[in-house]
Each structure stands twice: as C-alpha cells, then as structure tokens.
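Colleague: Encoded as structure tokens, here's the structure I'll be asking about.
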Amino acid sequence: MASEIRDEEEMNIIQSQRPSDSTLKKLRSSADPVLIVCNCFSFITALTAILCILVNVLSAITSFKDGSIFDGIFRCYAVGITVFVVLAETEWGWFFKYWRVLEFWAGRGMLQIFVAVMTRAFPDVTGKRKELVLLHDISSYLLLACGATYVISGLLCIGSLKRDRQRKETTREQAIKDLEEMECRREELEALLLMDRP
C-alpha cells in the first residue's frame, strides 16, 4: 500500500515536470522577426534577379535576330552572372563554400549592382523595342535598389546579425526536437514502468 502511494507520488512529480504540448507548440511557432524580414527581402531580390534573367534572354534573342552579335554575347554574360545572384539568394551552403564573398551582404550587393548596370547597358537607341527598354529599366533599377540596400546593410553589419540569429534559431530548433524526443522516451518508460507493476 505504501509503495503504491509512493509510486503515485513519483508519477505526479514526473507529470508536473513534463512540458505541456502547448509550451512546445509555443516554442516552435515563435519566429524571429529579423529573419522573417531578411527572408522576405531575399525572396524579392531573387524575383528581381529572375526578371533580369528574362529581360536579358529576350534582349539576347532579339539582338541575335537583328545581327548584333556583340550585344547578344553581352546579354548572355549578363544572364550567366545573374544566375549567381539567384543562387546567392537561395543561401545554399554548397554554393557559399566556393563563392565565399557572396555570403557577405556587401559582396552580394556589389554583384547585384554590377548585374543591374549590365542589364541597363546598351539600350535600344533605334526606338523599335520600347517595351523591352521599359522592362530593362524596371528590372535594372529594382535590382540596383536591392543591391544598394544589401551594400548599406552589409556595412551596418545586418548580415552578421542575420547569420547569428540563424545559428541561434537552428540551435533552438534542435533543442526543441531533442526535448520532444526525450518526452516520447519518457512516455515509453512510464508505460513500461506501469506494465511492470505487480
């Protein structure tokens, strides 16, 4: 009788120490606002870079059709370099391993400014392709604004702040995952303990 009371007391103590499901959900759902803003800006920059790729592909096609080989080759180089901008925005670890400078926001911003200038270069002076020139202007100025924002943010060490917060977020998610695994293991052990009781 006394051992049953002691076992019940131990189970009550274990139950009171267990984190509730609502606590785990609250820990999981809370997101860092700095990371959210940075991810949104990265998404906008990637979309702008994709727009630059489309504009430069269209310009390369029309340049080759018009017989302007130099302009067509220049546009192909612009497309190739813009692909690096899109890959940098994905923040793929393998890519950063080989292009370390693009991990830093100032370097990423300078590349975006370079691509914006390449996209804006050699406008159609004949006036035949006004829509394409308008797309050139829009995409180049958007990417120029993104690049300038990256350079200024890089100089203000916002990129370092983001990387630090990402590390903390990863550590926090791993701790929550470990806590959930320990909770499952505890429930299994409690079930075994209850089954072993006489």
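Positions of Cβ are set from backbone N, Cα and C atoms, glycine also.
Nobody curates TrEMBL annotations by hand; they come from automatic prediction.
Per TrEMBL, coiled coil is recorded for 165-192. Residues or ranges marked as transmembrane segment by TrEMBL: 34-61, 67-87, 99-118, 138-158.
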Colleague: Check the transmembrane segment (99-118) against each of 34-61, 67-87, 138-158 and return whichever range has the most CB pairs under 8 Å.
Modeller: 138-158
Colleague: I'm checking region-level scores; what's the whole-number mean pLDDT for the coiled coil (165-192)?
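Modeller: A mean pLDDT of 85 is what the model gives the coiled coil (165-192).
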